[in-house]
Structure formats: structure tokens, C-alpha cells
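Working notes, structure below.
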Amino acid sequence: MKFTLSWLKDHLETASSLDDILYALTDLGLEVEEVVNPLAKLAPFTLAKVIHAEKHPDADKLRVCRVMTDEGEKQIVCGAPNARTGITVVLCKPGDYVPGIDVTLGIGKIRGVESHGMMASERELELSDEHNGIIELPSGEVGQKFTDWLAINRPGLADPMIHVKVTPNRPDALGVRGIARDLAARGLGQLKPLPIPAIKGGFASPVQVEISDDLKTKGCPHFAGRTIRGVTNGPSPDWLQARLKAIGLRPISALVDITNYFTFGLNRPLHVFDAAKVHGKLRVHAAQGGEQFAALDGKTYTLRAGQMAISDDQGIESLAGVMGGEASGCSPETTEVFVESAWWDPITIAATGRALKINTDARYRFERGVDPAFTMPGLDLATQMILDLCGGEASDIAQDGAALDTTRAYKLDSARVISLVGMDIPEAEQRNTLESLGFTLNGDMATPPSWRPDVLGEADLIEEVARIASLSKLQGKPLPRTTSGVPRPILTPLQVRERTARRTIAALGYNECVTYSFIDQTAATLFGGGTDAVRVDNPISSEMSHLRPDLLPGLLRAASRNQARGFGDMALFEVGPAFQGGEPGEQHLQAAGLLIGQTTPRDPYGSRRPVDVFDAKADVEAALAAIGAPARTQINRKAASWWHPGRSGVIGLGPNMMATFGEVHPKVLAELGVKGPAVAFTILVANVPSPKVKTPTKPALALSDLQAVERDFAFVVDKGVEALTAVNAAIGADKVLIETVRLFDQFSGDKAEAQMGAGKKSIALTVRLQPSDKTLTEADIEAVSAKIIEKVSKATGGTLRG
Amino acid sequence: MDGLDALKAKYLTAVANVADEAGLEDLRVAALGKKGEISALMSGLGKMEPDQRKAAGAMLNVLKDEIDAALRAKKAALGDAALNERLRSEWLDVTMPARPRRVGSIHPVSQVMEELTAIFADMGFAVAEGPQVESDWYNFDALNIPPEHPARQEHDTFFMNRAEGDDRPPHVLRTHTSPVQIRAMTAQGAPIRVIAPGRVYRMDMDQTHTPMFHQVEGLAIDRNISMANLKWTLEEFCRAFFEVPSVELRFRASHFPFTEPSAEVDIRCSWEGGQLKIGQGDKWMEILGSGMVHPKVLAAAGVNAAEWQGFAFGMGIDRIAMLKYGIPDLRAFFESDLRWLRHYGFAALDMPDLAGGLSA
């Protein structure tokens with residue numbers, strides 16, 4: 001909402017300074033976004049007088065002038081035809097910035113003659129487009145500031161423009177008068193009265209109006225207008241044009257400018273029809289759907305059923321409350337005008353405007369709420385202004401329906417105001433505030449004014465009182481603690497686990513990313529998503545069309561971008577939501593890591609090697625352990641389709657899947673533009689079971705003083721045999737004596753098969769035996785070794801390697 | 001026992017001149033070994049008269065000790081020399097790079113969320129969560145934003161697809177964390193104190209907007225919580241979060257459908273040479289929106305507004321992260337540029353806590 005200071009002062013009798021007004025506006029909730037002082041750019045310029053002008057010795061069209069300035073006599077070369085002795089001019093000195101030509105002046109030499117500044121035209125000072133000559137002022141003294149001269153002689157130009165952000169609850173503040181009322185309530189002056197003229201109609205309006213029955217109760221309860229004949233629709237007067245221009249509107253003609261003036265001045269949008277082009281009665285009705293409407297913006301719209309239109313015998317003439325029609329629009333030739341003042345249902349207007357994508361000042365106001373009691377006063381005021389500016393004769397009023405009665409009252413609980421706001425505002429002040437905002441108080445019941453549709457309960461009264469009293473005066477008061485003593489932990493186990501997973505993975509050398517929750521359909525589909533259920537209906541781009549089913553596609557896209565920047569080695573991770581469906585709650589927490597390239601940069605120690613599955617496995621196991629996963633888990637090969645089928649595994653407990661690790665499927669990498677191979681892991685954080693026993697006490701540590709013994713065993717097995725089978729078989733050989741079993745070597749490949757036979761490999765286990773009651777004898781060790789060999793051979797079908 | 005001095009001189013000279021441990025051992029054997037010269041003289045003592053033997057024995061013992069000491073000293077010296085020689089040969093260029101170790105990092109959003117949590121946990125706020133795909137009831141209606149309310153249009157909402165024949169209003173990607181207020185109050189009732197940090201979504205993408213960003217919601221409901229308590233809570237939060245001795249906040253009346261009265265909150269700051277300083281200066285910067293929870297919102301969550309009252313606020317996490325840590329561009333938060341992650345990220349063990357200071 002934009003207005004000028006002088007416009008505000010039409011409604012507010014005030015002695016307050018501009019700064020005080022600006023402060024109060026923001027503090028009242030009408031946040032000042034911008035203030036434009038049109039004179040600021042003219043501040044350096046002063047008045048001067050040409051005391052002598054003569055032709056330039058070397059140029060026919062230039063004159064050399066001697067000019068009296070506040071700094072004495074100066075020589076200025078000027079090309080303007082009107083530069084002559086005796087005129088008072090506007091002087092721009094060397095060093096001044098001239099806005100209209102975007103130049104900071106220096107001392108110039110024009111065809112060999114020095115020039116100490118320039119005398120400006122209106123265009124050079126951005127006052128108008130006038131550039132036929134330099135400005136000649138009819139009055140003014142040498143040295144006087146040009147801005148001071150303008151403030152006295154052309155005050156319209158000196159009017160600061162104020163732009164405030166009006167929150168959607170305040171339609172009344174979409175008119176200058178509503179803003180003035182807030183300021184008056186704050187104590188910055190008095191709201192001036194707005195006398196409503198009594199218009200006497202000289203004849204019956206040739207244009208009559210009618211609201212169809214189905215709209216009378218809701219869509220359009222009140223529609224009124226008046227014909228004025230014999231008008232002259234020329235340009236509007238300078239003061240009106242200046243105001244409209246100041247707020248960024250283009251003056252069109254007196255009639256149109258008047259409607260805009262009422263829209264912004266009084267939040268009373270109006271429409272003017274060229275009455276000569278209206279055929280028969282104006283009828284407010286709901287569109288059938290499919291009608292074509294040529295609007296004032298030059299576009300043709302197809303209406304949908306239920307949208308409100310105003311039609312005459314020839315068809316739709318206006319899209320009610322949103323935009324007028326081209327056919328019956330006013331032009332400079334208009335001599336007979338029908339002024340419409342109506343009240344439209346905000347919801348219908350909003351829906352229509354949104355459906356047709358039309359944004360107008362009228363729609364903006366009607367959908368927020370225009371004062372239903374001001375339909376007729378607004379019409380009278382507008383009629384008077386038309387008569388004043390365009391002449392003519394007004395008809396009787398034509399109307400249908402009646403002003404909506406919005407009377408309602410709410411209890412003002414002054415104690416509650418104090419308790420809720422935490423400020424000591426005396427009851428009398430509370431009542432004063434409401435009355436100055438136009439509320440009517442009857443005992444403790446407050447009736448809001450008709451222009452405040454937003455006030456719908458007691459809470460709204462409290463807000464009004466607090467707002468006018470000024471929240472900036474609020475002093476903080478400590479929020480009492482809920483418990484005495486040391487604060488209790490507040491995170492849920494899952495929240496703690498999320499943090500632990502994040503910190504652990506970062507500690508393993510991964511960089512945390514936060515990627516978008518929505519990804520492109522190609523990527524989503526590759527990871528088991530991309531269905532309609534998770535499709536965003538109005539995505540901002542095709543790259544963000546589907547909720548992510550998994551975190552890896554986002555990380556892979558990030559990896560691809562980093563590869564494009566020249567980074568080949570990286571470890572990225574993310575902890576965040578993934579979406580298995582499009583219903584609320586169909587999301588789950590994942591922690592995913594991605595390794596690409598080499599383990600380290602090149603170094604002199606030979607540390608560098610390509611990352612592989614067992615790097616990912618080490619990291620996923622570390623992260624799982626950190627968030628409390630049991631030490632003994634199972635690994636199966638049922639990884640999803642985006643993993644390398646032979647180089648991936650699922651870590652779980654029975655049917656419960658906790659994590660997947662492995663190489664990402666090369667096809668997926670190719671689709672996402674990632675140079676592989678890449679290894680990764682995904683943890684389903686919530687699937688990790690919580691520890692059964694919740695105590696900080698650790699189990700007792702049983703240390704044996706007896707010597708532990710390690711024995712190594714190598715087996716020849718088929719190359720498809722999994723290491724874990726052998727390890728688990730070995731552990732099963734003696735659950736008391738065997739402390740750990742670890743695979744420490746594998747020999748496979750051509751050389752191995754050459755030695756051990758086709759399709760064979762060898763695996764080597766180290767078994768640590770920890771006796772607890774007596775030292776092991778060689779015989780004990782032999783016995784358990786035999787059992788290990790037997791168990792492993794049986795489980796793997798292999799033999800001890802000789 | 002003549003000649004002992006000569007013997008002493010002979011051996012001490014020899015020890016002084018010997019070049020290696022083997023030569024030294026030869027000398028030891030020649031002098032003190034079982035068949036060595038000194039030992040031979042010692043064994044000759046038995047043939048002497050007792051008086052003579054006593055005097056000669058003492059002298060021989062002195063001589064033996066002296067030679068022994070010289071041998072030991074020389075042995076130590078040779079050992080040191082050998083070690084020194086070895087160490088000299090083991091010289092390495094220690095300016096060579098260390099063995100590389102990958103260093104990970106925590107994203108600023110995660111770090112700041114933990115900072116927020118640490119501060120509000122101390123004031124008794126738990127952390128509530130809610131779904132990011134929300135029904136329009138939770139995201140709007142329950143928060144007193146009816147379907148045709150202009151405020152709803154200002155949210156630039158992302159809508160989820162609705163299957164043919166499913167006539168429910170489309171779900172939305174939550175446009176703010178406020179629906180968590182409703183869910184938390186519905187689940188827990190009053191009194192309640194929670195914050196709800198998380199992702200939110202708006203259809204907006206330009207220099208300063210991304211279609212996804214992070215907010216933290218705060219909610220405190222009790223029997224007599226006032227807006228003055230809200231101001232204090234936010235002041236304490238800002239002081240602790242920005243780690244400055246004091247802050248000054250200014251409440252400005254505003255409008256949010258779900259709070260009444262509502263206030264935008266500005267913080268006193270200065271901008272000098274591109275450097276933001278919180279808590280001093282003559283500028284005000286808007287940092288969050290807040291207010292007293294609207295009775296209709298309480299009612300929607302099943303809380304009796306006649307009995308309970310309280311405040312709510314919402315703040316951009318990415319934004320306060322940018323302000324605190326001097327991060328210039330919001331869009332970069334979600335780019336995953338390794339250079340950015342490493343520069344603006346935090347160490348894995350840099351866990352914010354109040355005892356040590358949040359960013360200490």
C-alpha cells in the first residue's frame with residue numbers, strides 16, 4: 001500500500017514529523033517498506049541568475065553565460081535556446097550528480113571555453129520529460145535551494161511517498177483513511193471528519209441494476225450506482241495526477257483516475273461504465289461457465305461456472321469486483337458515465353481472481369474485505385468528485401440489495417488483556433483505544449466498526465489494544481522454570497540416535513550434506529519411488545518433482561556436481577527423512593553415506609587405493625554400533641535393485657532390515673551422471689532395536705588370568721562359500737572356550753585355483769581360545785581344534801588346507 | 001709390586017685409544033679376565049707374606065677398580081657414539097606430508113539445530129516433530145487459516161498430487177513448522193513447552209529463497225504465560241545463541257492468523273564493513289515472528305483456551321545460521337559443494353553445549 005504524506009494529511013490533522021509518523025506506522029503493524037523523498041536527488045541544486053549571455057565564439061548554437069551564483073559569478077556554456085540574460089535558473093555545480101543524465105559534473109571546456117557547471121532542464125532533473133530548454137523560474141533568489149523553492153511553489157513534487165506492508169487482516173489499511181485512523185488512535189493527531197455530500201438526483205438513472213436471487217445472500221448483497229450525464233472525461237487535474245504518479249499509477253482520464261483515487265484513498269474500489277455503451281439493465285449473476293469476456297487489460301478470459309459477472313443485454317460487461325470490460329470502458333469521448341459501488345463476497349472474488357490469474361487493486365481489496373456500510377457514502381463522494389472535475393448532472397441512485405449488517409460484539413476483558421500481553425494497560429486506556437479505532441463500547445461489550453471484518457473475537461480486541469499501546473514498550477519477564485533443579489534430558493531415544501549417527505559418520509570422515517527432499521522422477525524411480533503418490537502437483541522445476549524415496553539419489557547428484565568441479569574423491573553423507581508414500585507420516589529417517597574415488601589423496605606412502613565395499617561396510621558397522629545395534633547381526637544378499645547384485649549386503653536381524661551397504665549399481669551411476677565405482681550405505685535408523693535393558697550400569701568385566709591361545713586354520717572351500725558361514729561354524733565349535741574367530745586371509749583367483757583346483761579358494765581363520773578355569777593343555781587345544789575343523793568342514797563343504 | 005703404575009698407564013692409554021667394542025672387550029679380557037694381567041697379579045698375592053699381601057692387595061684392588069671404571073666409561077661412550085651414528089643415518093625429511101586422514105564435517109543446519117536444542121532444553125523445552133507431508137487441516141485450518149484466507153495464498157504452497165477419485169483436499173508440503181504445535185498439543189495437552197525444528201517448503205526460488213529451508217517453532221502453554229515472558233525467552237535465546245553479553249529486541253505489531261497479539265521481532269545490530277554485530281549499533285534486523293497462541297488454535301488442538309494461554313514463535317534456522325556464522329548465500333546450503341561443506345561445516349566432535357559455550 002502506497003500513499004503520500006500530503007494524502008495522509010488530507011485525513012489526519014497532525015503536527016508530527018515524517019520520522020515520527022514512519023516510526024509509528026511500523027510499530028502499529030503497518031511496516032514501512034520504503035520512503036521515497038522525490039526531492040532527495042535535487043538536494044545539491046541552487047538557484048542562480050543569468051546576468052549576461054552571448055554567442056559562443058566558435059559555435060552558433062552555444063551561448064557563453066555569466067551566471068550569478070551563491071559562490072559568486074561563474075562562466076557557464078549552455079546550448080539551450082532560452083538561455084538569456086535575466087532569467088532565474090537551476091544551477092548544477094561541478095561535483096554535483098545530475099540524475100536525468102546520470103553524470104557527475106566536472107569543470108568542462110566546450111569548444112575552448114571553460115564551463116563551470118550547467119543550467120538544468122526539467123528532464124535533466126527528472127521533473128518531467130520537458131527538454132526544450134532550461135528551467136526558467138518565475139521567482140526565487142540566487143543561492144536559494146531548489147528543493148526549498150519547490151516546496152513552496154510546487155508542493156506536489158515535494159510530497160514523500162510512503163510504502164507500507166499491510167498484513168492480510170487489515171483491509172481498512174488499504175485506504176489512506178484507515179492508516180490515518182490508526183495514527184490518530186496512537187495519538188499522532190486527529191482523524192479529520194469525512195463529510196458525505198447529499199447528492200440530489202435530477203433524473204432516473206437510465207441504467208438500472210439487478211442482482212440475481214442466488215447471489216443476493218452471499219456473493220453480492222448490495223449493488224448500487226448512478227448515471228452522470230454531460231461529463232467531460234479529460235485528463236485529471238495536476239494534483240490528482242501527481243498523487244497517482246507518486247504511488248506508481250499511470251493517470252488515464254479523470255473518470256478512471258477518480259476510481260483509483262477512491263480505491264487507494266478510502267479502500268472503496270469503484271467501476272465506471274460508459275453508460276452509452278451499456279444496453280439495458282446491468283445484471284449481477286453467476287457465470288454459466290464457458291462465457292468469453294474481453295477485459296480492460298486487453299485479454300480475453302473464459303469464465304468458469306459460479307464466477308460473478310455483470311452483464312447487460314449484449315453480454316458480460318464486467319468481471320464483478322475484479323476487472324471491468326473493454327466494451328463498456330470509459331474513453332476520452334465518454335459523456336455519460338455509470339458509477340458502480342458494490343460489495344462483493346471476499347471468498348468468491350478470491351477464487352475468481354485466483355482461477356483467472358487476474359491481480360487488480362480491486363480484487364486485492366474485495367478479497368480482503370471492503371467496508372459494507374460505505375457502499376453508498378462512497379458512491380456519493382465519488383459522484384461529487386465527478387461532478388466537480390468532469391461536470392455533468394447526476395441521476396437518482398439505482399440499486400439492488402442492501403448493505404450487509406455485520407454488527408457483532410465481543411467482551412472486552414481488561415484483566416485478560418493485561419495477563420496475556422504482560423503490560424499494565426489501564427482499563428480506561430483500553431476503552432479509549434478501541435473507541436478511537438471506531439469500536440462502539442456498551443458496558444464491556446465492544447462492537448467493531450463495519451470496516452474491520454478481521455475482528456472476530458475477544459482475542460482480536462486484545463490485539464488492537466496491545467498494538468496501539470505499542471509492543472515495543474513491552475519489557476521481558478522471566479519465564480518460570482517448569483522444574484527446580486538440573487534440567488532433565490528432553491530428547492527422545494530416536495532423536496539421540498539421529499545425532500549420534502550424524503556425529504559418528506562425520507567422525508569417520510564424511511562431509512554432511514543437506515539435499516532437497518524432492519528430486520527428479522528419473523532418480524526417484526531408480527530408487528523405488530517416483531510414483532504419483534509422491535508427486536508434487538506444482539513442482540518448482542522438473543528436477544524437484546517427486547519426494548525422495550531414499551537419500552542416495554540426492555547424494556549421488558551432489559557427487560556428480562562435485563565431480564564436475566574437479567573433485568574425484570569424496571565421502572558425503574546425509575541424515576534426514578525419506579518418503580515411502582504421500583500421506584502424512586509416510587516418511588522415515590535414513591542415514592546414508594557415499595564414498596567415491598580413492599581412499600586418500602596421492603601420498604608418498606602408498607596409502608591411496610580405490611574405495612571398496614569393505615570401506616562402506618566398516619563405516620556402516622561403526623555407525624550401527626554407535627547407535628546401539630546388537631553386535632551379532634545377519635547379512636543377506638537381498639539388497640534392492642539400485643545396488644550391485646554381487647557386491648551388496650543387507651544387515652538385519654531376522655526380517656528386520658537395519659542397513660544396506662555395497663557398490664551402487666553401475667547403471668544407476670550412469671543414469672545419474674556419476675563416474676564410479678561408488679560404494680555406499682543406508683541405515684534405517686528407526687529399525688535398529690532399542691536396547692532391552694535401560695541402565696547406565698555396564699555388565700561386569702570377567703578377566704581371566706589364564707593365558708589365551710591363538711590358533712590359525714586354513715580351509716580350502718568352493719569359491720562361492722561365504723566367510724561368515726565358516727566363522728559362525730567355528731564359533732559354534734565351543735561357545736565357552738572360543739572367545740573370537742576372525743577371518744584374516746583369503747587366497748582366491750587364478751593362482752589359487754591353479755594350486756587348489758578349479759572353483760576353489762582358501763580362507764584362513766584365527767581362533768582365540770580363552771580358558772576360564774585352568775590352563776589349556778596341548779590335548780585340550782587339539783580337541784577343540786579338531787572340533788573346529790569338523791564344524792567348518794561340515795558347514796562349508798571344505799577341507800583343512802594341508 | 002713395582003710396575004703397577006706402568007701397568008695402569010698401559011691399560012688406561014689402551015682404553016683411551018681403543019676404537020670399538022670388540023677391542024674394548026679384548027682389553028678387558030687382557031686386564032681383568034680370568035687369565036688377565038691383573039688377575040694373574042691377584043693370584044700371586046697368595047704367595048706373599050700377610051703384611052705384604054695386605055698392602056699389595058689394596059693397591060691391586062685400586063688398580064682393578066680404576067681400569068674397570070675406565071673400561072665401563074669407554075663402553076658407554078662407544079655405545080653412545082654408535083647410537084648417534086645410527087640416529088644420524090636414520091634422518092628423515094619431516095617436512096614431508098603426514099599420512100592422509102579424511103576429515104568429515106557437520107552441516108551448519110545440523111549444528112545450529114543442536115545449538116537451539118541445547119538452549120531451549122535448559123529452559124525446559126522438549127523437541128517435537130511432525131510429518132513434512134501435511135494435511136491442509138494441520139498446515140492451515142487448525143492454525144486459523146481458512147481455505148479462502150489471503151494468508152493461505154501468501155504461503156506459496158507445494159501441493160501433493162491427488163489420485164483421480166480421491167476427493168480429499170490435496171496434502172501439502174508443510175509451509176511452516178507451526179502444524180507441529182497442533183500435533184504436540186493434541187498428543188500432550190497443556191502445559192507444554194516444545195520446540196520443533198525441521199524442513200519446510202515454499203514455492204519460491206531466487207537469490208535469497210530456496211524451495212526448502214528450515215524453521216524452528218517454539219511453543220509454551222501454561223496457565224499464565226504472557227507476551228512479556230515471550231520477550232524474555234527470546235532475549236535469553238538470542239543472547240545465548242549469538243554468544244554476546246546482551247541483546248536488545250524490539251517487538252513490532254504484526255499479524256499471523258495463529259497468534260494474537262502477533263509481533264515481528266527485530267534485533268539491535270550494526271553492519272560495518274560487511275560485518276554484522278548483534279547486540280550493538282543503531283540498526284534493527286527482523287529475525288522472527290511470534291505472538292500469543294490464538295484461542296482458535298488452542299481449541300483446534302483440544303486445549304481449553306479459558307484455562308490455558310501461551311506463546312509461539314517461528315524462526316528461520318538457515319537464516320540465523322547465516323547471521324551467526326557469516327554465511328552469505330542461502331542457496332549454497334543445499335548445493336553440497338565440497339568446498340562449502342568443508343569451509344562452513346563443523347568438526348564431528350564440536351558438539352554444542354552450554355557448559356563449554358556453543359561454538360567454543
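Our numbering is plain: 1 for the first residue shown, then up by one each step along the chain.
Using N, Cα and C of the backbone, Cβ positions are placed for all residues, glycine too.
According to TrEMBL, the protein has these features:
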DOMAIN    A:39-147  domain 'TRNA-binding'
DOMAIN    A:405-476  domain 'B5'
BINDING   A:D454, A:D460, A:E463, A:E464  Mg(2+) binding site
DOMAIN    A:704-801  domain 'FDX-ACB'
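Helix, strand and coil content of the domain 'TRNA-binding' (A:39-147), in residues and according to DSSP, is 8 helix, 48 strand, 53 coil. Per-site Cβ counts within 10 Å over the binding-site residues A:D454, A:D460, A:E463 peak at A:E463.
Sequence-distant neighbours of A:E464 (Mg(2+) binding site) (same chain, 6+ apart, CB under 8 A from its CB) are A:T433, A:L434, A:L437, A:F439, A:V455. Secondary structure at A:D460 (Mg(2+) binding site), taken from DSSP and collapsed to helix, strand or coil, is helix.
Taken as a whole, the domain 'FDX-ACB' (A:704-801) shows an average pLDDT of 93 in this prediction.
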